[in-house]
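*Asks:* Mind looking over this structure? Questions follow.
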Amino acid sequence: MDHAAALFSFFSSPALDLGCSLCLVSTETAHIIRNAFGIFGNVVSLLLYFTPILTFKRVIKNKSTEEFSVVPYVAALLNSVLYTLYGSPLASVGWENVHVFTINGIGCFMETAFIAIYFWYATPTKKITVTFIMVPVIVFCSSMLAMSTLLNDHHLRHTILGSFGFFASASMYGSPLVAVKQVIATKSVEFMPLNLSLFSFLTSFAWMMYALLGNDILLASPNFIGVPLGILQLVVYAIYSKYKGRTEETNKSDLEKQEVADLTTPLITNDVNN
């Protein structure tokens with residue numbers, strides 16, 4: 001327990017400086033570069049958020065959720081809520097993380113819309129499943145909001161939200177590993193589109209640099225996982241892209257059915273991510 005407490009204290013300590021103190025540029029220049037990465041991160045994250053539109057266009061057209069799962073969108077919503085709170089003055093110093101707040105606020109709206117559409121067209125059995133999944137998520141998010149407003153210790157709020165955000169983001173990186181495994185098994189990249197792999201990598205890289213330049217190890221930490229996985233996806237794509245998959249029409253159908261959990265970044269994520 002003492003070792004765990006010491007490790008927790010180390011990663012949450014404001015003295016842990018991985019940003020501008022290690023840069024060969026002035027603080028003002030580093031701030032400008034950080035804002036540039038924040039804007040870039042917003043752009044590529046937004047592109048990932050738009051990824052499921054093809055899926056939901058099909059759901060609306062067919063008036064059925066078919067075999068699609070709601071889980072990736074619930075995971076992305078949870079991730080977005082946590083980082084919206086994290087990027088707000090409730091956990092950050094003023095609006096220092098305004099870029100995190102804005103993109104994840106958009107993510108909350110979009111993922112809620114996706115889940116609402118899914119619920120509307122789901123079968124009665126699936127609606128029950130969605131309800132059972134969403135109730136604990138809503139309770140958890142409400143408790144995080146209550147904690148953020150009622151807890152007096154600002155640093156502790158920052159640490160709690162950042163830690164939960166790390167685990168939420170890290171859990172979403174299982175999707176790329178599944179996709180990579182499927183590409184290797186089938187020797188076809190049809191289940192791992194280049195744009196998703198590229199945007200996932202760029203999103204993780206942008207938010208990692210943004211966080212490091214702001215001396216924020218909690219914000220950077222999930223992207224220490226996301227960046228290597230993004231590189232892995234691009235390498236695997238480059239190796240197997242010479243193989244031809246099935247016909248174009250079948251390929252399009254399969255891509256629409258592919259569940260993308262790393263949609264937001266971190267996130268962050270697909271997050272996203274799908």
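Note: Cβ is positioned from N, Cα and C throughout, glycine not excepted.
Because TrEMBL annotations are produced automatically, they should be read as predictions rather than curated entries.
Per TrEMBL, the feature transmembrane segment maps to 35-56, 68-86, 98-121, 128-148, 160-180, 192-213, 219-240.
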*Asks:* Most CB pairs under 8 Å with the transmembrane segment (35-56): which of 68-86, 98-121, 128-148, 192-213, 219-240?
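*Replies:* Looking only at 68-86, 98-121, 128-148, 192-213, 219-240, the most contacts with the transmembrane segment (35-56) come from 192-213.
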*Asks:* What else in the chain is close to the transmembrane segment (219-240), if you only count residues 6 or more beyond its ends and a Cβ gap under 8 Å?
*Replies:* 11, 18, 86, 97, 100, 162, 165-166, 169-170, 173, 176-177, 179-180, 183-184, 187-189, 192, 194, 197-198, 200-205, 207-208, 210-212, 262, 265-269
*Asks:* Determine whether the transmembrane segment (128-148) and the transmembrane segment (68-86) share at least three Cβ pairs under 8 Å, counting only pairs 6 or more apart in sequence.
*Replies:* yes
*Asks:* Taking 68-86, 160-180, 192-213 as candidates, which has the most Cβ pairs under 8 Å with the transmembrane segment (98-121)?
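*Replies:* Per the Cβ under 8 Å count, 68-86.
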